[in-house]
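*Asks:* Structure provided below as structure tokens; questions to follow.
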Amino acid sequence: MAAQGFLLIASFLLLLFLLARPLGNVLARMINGVPLPLVGGVENGVWRVLGIQNQEMNWRQYLLAILLLNVFGLFVLFAMLMLQGILPLNPQQLPGLSWHLALNTAVSFVSNTNWQSYAGETTLSYFSQMVGLTVQNFLSAASGIAVIFALTRAFARQKVNTLGNAWVDLTRITLWVLLPISLVIALFFIQQGTLQNLLPYASYTSLEGVKQMLPMGPVASQEAIKMLGTNGGGFFNANSSHPFENPTALTNFVQMLAIFLIPAALCFAFGDVVNDRRQGRTLLWAMSLIFVVCAALVMWAEWHGNAHFMQLGVDSNINMEGKESRFGILASSLYAVVTTAASCGAVNAMHDSFTALGGMIPLWLMQIGEVVFGGVGSGLYGMLLFVLLAVFIAGLMIGRTPEYLGKKIDVREMKLTALAILVTPALVLMGTALALMTDAGRSGIFNPGIHGFSEVLYAVSSAANNNGSAFAGLSANSPFWNCLLAFCMFVGRFGVIVPVMAIAGSLVSKNIQPTSSGTLPTHGALFVGLLIGTVLLVGALTFIPALALGPVAEHLSLR
């Protein structure tokens, strides 16, 4: 097991870095405003049609543009889901959604969470899937990348107050990054057997003689951006464990690569833009080390079997419950870590069926803020918040004003950093408490006791951190749960983006100080250790009590 697991992780990271490096070069050019070859005419035509003027924006204007796009998309998607029954491309004649489910779904896809309180094949029409959800998969991913573009420029520029043009960035990200790569991935998925059609559901007779319906649909086109944009919402209820979404071991591996591709490339781009590639590599090393340790722990936990079965005298050397045999223990474990380290939430196995410790690692990866590679854009700006916190702590220890990349980190930046870091823990802990204190919240719990608490904690953690995966075991399609999780998803997304943009606006106007003998090096092994320690410290102090009541207590109760 150890050799196979090591080979799988090593080959995954090697291919990831080989693909991410050239993409990082492209992203760096876009951040610096260097036109890509042969695309200037297309860009100018799109901007003329959309009425976009290529003028620089300050942080408030940039933030307002991002918020306007997402709020407008929220209302459009909400209306589309409510009116689904009268819209085209609905061969199964599926009705419109209830108001609370439509609200939850709209917020979910606009916020890049893709939490699903429904089964896609029995709830949504092809029109809703293609024009509603797939479009938001592109726009939410582009929004996250645009925010990190602005923050990266804030570190690279000095004595100005502009961060680029949000509409220009969104257009370029969508046209030259998300669309072309998604097209290539979608064609590969189709070649491997993923569905892509607009046919009505097919009727067939099973071996038992029962007539059933075989779902159809434009799956591959949504599956590609679902992975590349770290969205995660599946066309089918079984998500990427469904053979129509993820038919082979090769598509499974490509899906994992697609999830991490842009987050890793952004680290390379960050180093290029700030003219110090060591900075990008430092962030990548910190993310990779945490990722490797977590992946190894989940593989180890799942390989040692299910204690529930052992107590019943059932031979259970490995825990295959809830896993697809075509993927097995190692690929399922790695997928679980990838999808929760990033804010993706796609699943190829049932996380609720993992062992107590095997399920705790994905839960904890979400709770630390999705900063281990993380979502497209959101992962890097989340990690940079921890970088600012780390240099602040180091500055206190050595008695110097904290600096990062020559920019002094003052009281304003630290207040905003603290606010951004504390938004999601507050949502998780208070949301979990509210769900457990109210009858409406407890009525959705199917599994009472320790594991039921873990399921509630996982659901709220997933929503607040914009992941979207679930432990299941909850009846989440109710007014209480749909509204609670919608609130957590919206505030968890934009409650972090607002202070991040404010930090960018503050930093971009500052002068870049020359490096001196007293400057703390923010690259190399020492700073990697300091950064990882900061992430672990904040995560441990915040969530250890809650984890002790859930997965830890469940693990100890089985020994």
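Just so you know, glycine gets a Cβ as well, placed from its N, Cα and C.
These figures come from a predicted structure and were not determined experimentally.
Features from Swiss-Prot:
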- 6-26: transmembrane segment (TRANSMEM)
- 63-83: transmembrane segment (TRANSMEM)
- 131-151: transmembrane segment (TRANSMEM)
- 173-193: transmembrane segment (TRANSMEM)
- 253-273: transmembrane segment (TRANSMEM)
- 283-303: transmembrane segment (TRANSMEM)
- 327-347: transmembrane segment (TRANSMEM)
- 356-376: transmembrane segment (TRANSMEM)
- 379-399: transmembrane segment (TRANSMEM)
- 416-436: transmembrane segment (TRANSMEM)
- 484-504: transmembrane segment (TRANSMEM)
- 524-544: transmembrane segment (TRANSMEM)
*Asks:* Below 8 Å between Cβ atoms, which of the listed ranges 173-193, 283-303, 327-347, 379-399, 416-436 makes the most pairs with the transmembrane segment (253-273)?
*Replies:* 327-347
*Asks:* Thinking of Cβ pairs under 8 Å, which stretch from 6-26, 63-83, 131-151, 356-376 has the most of them with the transmembrane segment (173-193)?
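*Replies:* It is 131-151, which has the most Cβ pairs under 8 Å.
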*Asks:* Which of 131-151, 283-303, 416-436 has the most Cβ pairs closer than 8 Å to the transmembrane segment (524-544)?
*Replies:* 283-303
*Asks:* Report yes or no: does the transmembrane segment (356-376) come within contact of the transmembrane segment (63-83), defined as 3 or more CB pairs under 8 Å with a sequence separation of 6 or more?
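*Replies:* With fewer than 3 qualifying Cβ pairs, these stretches do not touch.
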*Asks:* For the transmembrane segment (131-151) and the transmembrane segment (283-303), does the number of C-beta pairs under 8 Å, pairs 6 or more apart in sequence, reach 3 or more?
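*Replies:* They are not in contact.
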*Asks:* Do the transmembrane segment (283-303) and the transmembrane segment (416-436) share at least 3 Cβ pairs closer than 8 Å, excluding pairs fewer than 6 residues apart in sequence?
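*Replies:* Taking Cβ pairs at least 6 residues apart, the transmembrane segment (416-436) and the transmembrane segment (283-303) are not in contact, as fewer than 3 fall under 8 Å.
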*Asks:* State the residues, same chain only, that lie 6 or more residues beyond the ends of the transmembrane segment (63-83) and have a CB under 8 A from a CB inside it; answer 'none' if no residue qualifies.
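*Replies:* Distant Cβ neighbours of the transmembrane segment (63-83) are 57, 96-97, 99, 101-103, 105-107, 109-111, 124, 127-128, 131-133, 135-136, 139-140, 143, 146-147, 166-167, 170, 494, 497-498, 501-502.
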*Asks:* Let me spell it out: take the transmembrane segment (379-399), skip the flanking residues so only those 6+ beyond its ends count, and list any with a Cβ under 8 Å from a Cβ in it.
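*Replies:* Same-chain contacts beyond the ends: 147-148, 151, 230, 263, 266-267, 270, 283, 286-287, 342-343, 369-373, 409, 413-414, 417-418, 420-421, 496, 500, 503, 518, 520, 522, 527, 530-531, 533-535, 538.
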